[in-house]
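Trainee: Before I ask anything, let me first share the structure, which is written out below as structure tokens.
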């Protein structure tokens with residue numbers, strides 16, 4: 001067997017062991033988990049993924065929101081009943097804070113349960129099971145741990161494993177969503193309370209500006225300090241390429257001496273060969289840790305950088321618990337600022353050029369403008385990636401869409417360290433050439449990473465602006481419908497009473513009745529205006 005045949009055989013054998021499941025792929029896409037073990041390879045499949053996600057993600061979010069609201073109502077009802085009946089408190093205080101504590105305890109129990117299930121079914125450690133459940137439920141989805149029939153543990157089919165894991169994780173997602181909503185409600189409840197001491201009045205400042213500054217400062221401090229923790233935990237300074245060369249040598253000797261292999265030997269051989277031929281793990285320098293942190297707190301999770309040690313996995317959980325809400329709040333604040341700027345531009349444009357004193361459907365127009373800005377940036381950056389990465393236009397659009405929606409399959413990652421710099425070169429190994437230690441980051445790669453990161457964060461803020469503007473437009477439509485309903489009701493009341501007033505006017509005599517008649521004429525003009533507005537609504 002030649003070296004090329006050995007290489008092709010190893011990769012093809014490992015891929016043949018996989019079991020692609022379209023249902024699992026769709027579930028990963030619409031929930032934005034995106035492990036990356038199943039990804040579309042054809043341009044048609046990538047475009048189909050975009051279309052399916054455009055409809056599936058909002059539908060999934062609406063379903064989760066509805067179920068979460070039901071859970072909120074149920075727990076709220078239970079807490080109120082408990083305090084009134086058991087503790088004899090007619091009106092519970094700090095209700096939202098108590099609900100947060102209760103649900104946080106339930107979430108902790110859910111995490112431990114998922115760890116035990118992962119240990120029993122998949123043969124993982126408890127830490128690995130907890131790590132998998134947390135990474136999945138937060139939709140980070142690194143993909144370094146996946147339910148697999150090749151692992152030791154209870155011999156369940158892959159479909160049964162996925163149903164078991166996703167069932168538990170679906171419940172966990174609901175609980176986590178409820179914790180976040182309750183925490184926000186608790187903060188609002190605390191803000192609404194008066195100061196507890198004299199002279200403790202809060203500083204008056206633009207609420208949006210104050211919130212924006214606080215969240216930016218907190219995010220910068222968080223993003224600057226946390227990567228050092230991962231460097232301390234994960235950087236073992238071991239040469240993974242040398243280790244892969246040793247494994248490759250033993251595999252080659254085994255392949256020559258053994259041709260009659262059992263199924264177990266074939267699986268072990270193919271899996272080991274794939275591990276050797278895959279990319280080496282980068283050393284945990286500061287910029288590598290920073291890239292990993294951004295993938296975690298934004299829940300994109302490409303999976304090209306993942307923690308391997310139990311301490312690193314637990315640290316990832318703790319950091320994400322604080323980092324994800326902080327990042328979401330920051331992106332939300334910047335998105336609100338962008339919407340505010342677009343609103344001002346639309347108002348000034350319509351007043352100056354269209355001579356409209358008060359623009360109508362302002363939020364709807366802003367949503368359309370922001371949507372086209374997002375679409376334009378996606379297409380522009382798709383063209384840029386054609387030049388920088390050698391991708392096709394569809395692949396560039398596909399990458400940015402998967403990133404914007406935080407699915408993060410990881411099948412396309414910019415500035416990926418290519419085969420000649422980070423992978424084991426089989427020809428080089430067997431020709432006894434010098435090993436290229438390509439796992440050190442080049443300064444040019446660092447600069448590129450910073451540029452991509454800045455673009456990525458800005459575009460996430462643009463997406464947040466679109467979401468905020470759509471929500472505001474929806475509220476605008478609801479208010480317009482409510483106003484129209486009130487106008488129609490008023491018009492109907494006018495119809496019922498107008499005939500009586502006309503009869504009174506016709507039977508009136510004298511100067512007093514003339515004044516009354518003039519007043520009534522003015523009132524009729526107002527009623528006609530209301531009637532016309534009601535007709536416009538219909």
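Any Cβ shown, glycine's included, is placed from N, Cα and C.
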Trainee: Look up transmembrane segment in TrEMBL and report which of 269-289, 290-310, 311-331, 332-352 it refers to.
Mentor: 311-331
Trainee: Between 1-23, 70-92, 162-184, which stretch does TrEMBL give the note transmembrane segment?
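Mentor: My reading of TrEMBL: the transmembrane segment range is 162-184.
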Trainee: Out of 44-64, 191-211, which range is noted as transmembrane segment by TrEMBL?
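Mentor: Going through 44-64, 191-211 one by one, TrEMBL flags 44-64 as transmembrane segment.
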Trainee: Kindly say whether the transmembrane segment (393-413) and the transmembrane segment (44-64) touch, using the definition of 3 or more Cβ pairs under 8 Å where each pair is 6 or more positions apart.
Mentor: yes
